[in-house]
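Feature annotations, courtesy of Swiss-Prot:
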| type | residues | note |
| --- | --- | --- |
| COILED | 71-109 | coiled coil |
| COMPBIAS | 30-43 | compositional bias 'Gly residues' |
| COMPBIAS | 55-69 | compositional bias 'Basic and acidic residues' |
| COMPBIAS | 77-98 | compositional bias 'Basic and acidic residues' |
| COMPBIAS | 99-109 | compositional bias 'Basic residues' |
| REGION | 27-56 | region 'N-terminal inhibitory region' |
| REGION | 27-109 | region 'Disordered' |
| REGION | 78-109 | region 'Antiparallel alpha-helical coiled coil region' |
| TRANSIT | 1-22 | transit peptide |
Amino acid sequence: MAGSSSLLRAGIRNVLLMQMRRSSDQLGELGKGAGKGGGGGGSVREAGGAFGKRQAAEEERYFRQKEQEQIASLRKHHEEEIRHHKGEIERLQKEIERHKSKIKKLNDD
């Protein structure tokens with residue numbers, strides 16, 4: 001269980017890093033603008049300058065928050081699965097004891 005969550009966490013982190021690298025290859029430094037000219041006249045981030053840097057920082061914050069939400073959701077899901085399986089184990093152990101008592105009763109007769 002712990003291995004799968006760490007693999008998923010590493011996978012999410014790798015995907016985000018790849019996205020950041022792709023965008024940083026295209027833009028140079030995040031928020032600096034498109035190419036050396038300082039922006040393409042499109043979005044705020046492409047325009048560069050202080051607003052571009054702010055937009056880049058907000059995007060990074062957004063993705064970090066989404067990653068944390070996904071990890072929390074996954075953790076909750078695994079905890080629910082563990083709780084369910086523990087309940088199943090208890091139920092099956094009671095069934096085993098019930099069958100053992102039936103066998104013992106048959107042997108005693």
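Each residue, glycine too, has its Cβ placed from N, Cα and C.
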For this session: Tell me, roughly as an integer, the mean pLDDT over the region 'Antiparallel alpha-helical coiled coil region' (78-109).
Result: 96
For this session: Pull the DSSP breakdown for the compositional bias 'Basic residues' (99-109) and write it out as helix, strand, coil residue counts.
Result: 10 helix, 0 strand, 1 coil
